């Protein structure tokens, strides 16, 4: 009987919570949208978010993936795990002046785990994890939106109640299918944003758990507040934006837990009203909790600053031209224009681009520029929303609008240029978290329209249409992220003035061997940005290979004039000058390259070639030795050392170098071939034969390998085998120098032997 009485009381208490919830306006009441139980709602959101990005699972490594993953030594097992905590996102030391200062060790750790499990750089595993992360985040959004839109209520058993099941489902679907998220999901480096968002949401949900015992905030769990701070720190170790969740938790506490009226509070502060003491700030522990949050945030930022070691990263004008404008007014106008473009991408995510820098968005330099209208529209909307959020008599409306604006604006602040210069104009990835605020505002607007509309089903059908269009747009955009060629070409129509877009299309074509088409795009990149030194360097390289040396030299000279510390351009200029037989200038260019990049094995290799052409053999050997010290797997440098020592009669030294090289690069057939030649001259025929055969097995279509093995057999007296390999060599290359003469000599010798035998 006692047990039954207790259950009855619990049931009555839970019903009381439901009645309390009904006293507030309910967004779901007027919304014509389908209702699903929580489990099925989450399953639907997961399925839809998976459908949007599923076709990116077998995409390549594209764009920034090369630097952050393929060229990042922190992913490899030989790099100590401890190095991750002292390196930036790209694998450079944080203390270096050239570091990007992006400190995301936990994201890099997940890349490393991916690499180890896959056994190498296979992109499928990386893409699958990104898709799973987005699906997980979208599912968590159902719970987050139910709190933000419906409020925080618990049953007598401590179970959180979803008071807005329909609108929270709609908002979660809007988030799951937003096309602006494609860069984060389909681009592997977007994992930083995904992991940051995951722990960002877990921090928020953890903070909500602190009030499970008493929703009014009189009693709260310090443990869950501290857990929330720790999860915020983890979010920041995935990406810098994560720290903003601590500020949002404070805003949520004030508005939802303490039900503060911000305008009323400001008025009391201004008039020093004594009733402020009774407003609930101290009574409900708000100040204490905010102190915990802010102390935690300050500690995290201090540790982050100490780890960073130096000042902020140095960006160039092409990365963020507005931040380099001399006039404060020009900077302010352009920053606000960028904000309006970010807002437009949330409203109409049709024009998407992998990169918005390098002239993609020309600076606004005059108030007569028609684009000023975008700024006016942005601030007209923002001021209207802020006024409603502060001044509305409807507390429910104030709360939702303030939370919507908070989640829209606060996570965007690190990318706003307000506190420090950022290295981009617009980056779709940084809108991943702010889109939460957009979804809140969109859903609330939909509920207000539904309340006024007579034909609610037509309105619901329109929203469903938007969702379907976004799903298709996500699928299309994901397919564009599958390969660099598709990604770069998709940007040509969106940002035709962006020099980097043309540069990347040209680079992709050059990598595929289409030099003629690549030249066209490189020239356009240089035309759009006459100071684009990387485009000049790549164009100069292609022209050098096509023997158009005069123009190549002009381009490379201009590149080093614009950027005097551009080591690669100095080296390429040296190669061109060497080809033009201006040896002194070439040597000077090589040494300038080495001065700006101390560890530059390719430059030492080319310097060695110059010295070899000048018969400065000792200098050549020293240069190549430097190349192999800096890069032990530098096969060309090893080969040239062996060949030079062989040609100068230093067979013992050539043999020693060859053996040393093969110990470091045991499967390099060109090294086997070079050492086999040396051993043959030293009359070590058996060992020479073994190396020749091994080289031929690795590369059976190399005519010179068969030809030189035939010479070995010829010297050794194995004439039948010599004849066989001469014939194979001539079949592979009928014009092989010396082979035909040696073969004819062998045939005459065989004919003489036959006559003698006869």
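Even glycines carry a Cβ here, placed using N, Cα and C.
Since this is a predicted model, take the numbers as computed values, not measurements.
The transmembrane segment annotation in TrEMBL covers 39-57 (among others).
Taken from TrEMBL, the feature transmembrane segment covers 131-151 (among others).
The transmembrane segment annotation in TrEMBL covers 188-208 (among others).
Per TrEMBL, the feature transmembrane segment maps to 220-237 (among others).
Marked as transmembrane segment by TrEMBL: 286-305 (among others).
For the domain 'DUF1736' (311-383), the model gives a mean pLDDT of 89. The domain 'DUF1736' annotation in TrEMBL covers 311-383.
Here TrEMBL flags 372-391 (among others) as transmembrane segment.
Residues annotated as transmembrane segment in TrEMBL: 403-424 (among others).
According to TrEMBL, the transmembrane segment annotation covers 430-449 (among others).
According to TrEMBL, the feature transmembrane segment maps to 458-476 (among others).
For the repeat 'TPR' (499-532), the residues of the chain that approach it from at least six positions outside its boundaries are 63, 318, 353, 355, 357-360, 484-485, 488-489, 491-492, 538-539, 542-543, 545-546, 555, 562, judged by C-beta separation under 8 angstroms. Summarising the annotation, TrEMBL assigns repeat 'TPR' to 499-532 (among others).
Residues or ranges marked as repeat 'TPR' by TrEMBL: 533-566 (among others). For the repeat 'TPR' (533-566), the list of distant contacts is 499, 502-503, 506-507, 510, 515, 518-519, 522-523, 525-526, 572-573, 575-577, 579-580, 592, 596: same-chain residues at least six beyond its ends, Cβ to Cβ under 8 Å.
Marked as repeat 'TPR' by TrEMBL: 601-634 (among others). Long-range contacts of the repeat 'TPR' (601-634) within the same chain: residues 567, 571, 574-575, 578, 583, 586-587, 590-591, 593-594, 640-641, 644-645, 648, 661, 664-665, each at least 6 residues beyond the stretch ends and with a Cβ under 8 Å from a Cβ of the stretch.
For the repeat 'TPR' (703-736), the residues of the chain that approach it from at least six positions outside its boundaries are 669, 673, 676-677, 680, 685, 688-689, 692-693, 695-696, 742-743, 746-747, 749-750, 753, judged by C-beta separation under 8 angstroms. Positions annotated as repeat 'TPR' by TrEMBL: 703-736 (among others).
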Using DSSP, what is the helix/strand/coil residue split across the domain 'DUF1736' (311-383)? 36 helix, 0 strand, 37 coil
Could you pull out which residues elsewhere in the chain have a CB under 8 Å from any CB of the transmembrane segment (430-449), counting only those six or more residues past its ends? 27, 30-31, 141, 144-145, 148-149, 167, 170-172, 174-175, 178, 180-181, 184, 190, 193-194, 196-197, 200, 241, 244, 342, 345-347, 385, 400-401, 403-409, 411-412, 414-415, 459, 463
For the transmembrane segment (458-476) against the transmembrane segment (220-237), do we get 3 or more Cβ-Cβ pairs below 8 Å once near-sequence pairs (under 6 apart) are dropped? no
Spatial neighbours of the transmembrane segment (220-237) not adjacent in sequence (6+ beyond its ends, CB under 8 Å) are 103-106, 195-200, 202-204, 206-207, 209-214, 243, 245-246, 249, 285, 289, 292-293, 296-297, 300, 304
Secondary structure composition of the repeat 'TPR' (601-634) [DSSP: H/G/I, E/B, coil]: 27 helix, 0 strand, 7 coil
Tertiary contacts of the transmembrane segment (403-424), as residues 6+ beyond its ends and Cβ separation under 8 Å: 100, 148, 200, 240-241, 243-245, 247-248, 251-252, 255-256, 312-313, 315, 319-320, 322-323, 331, 335, 338-339, 342, 356-357, 382, 385-386, 389, 430-431, 433-434, 436-438, 440-441, 444
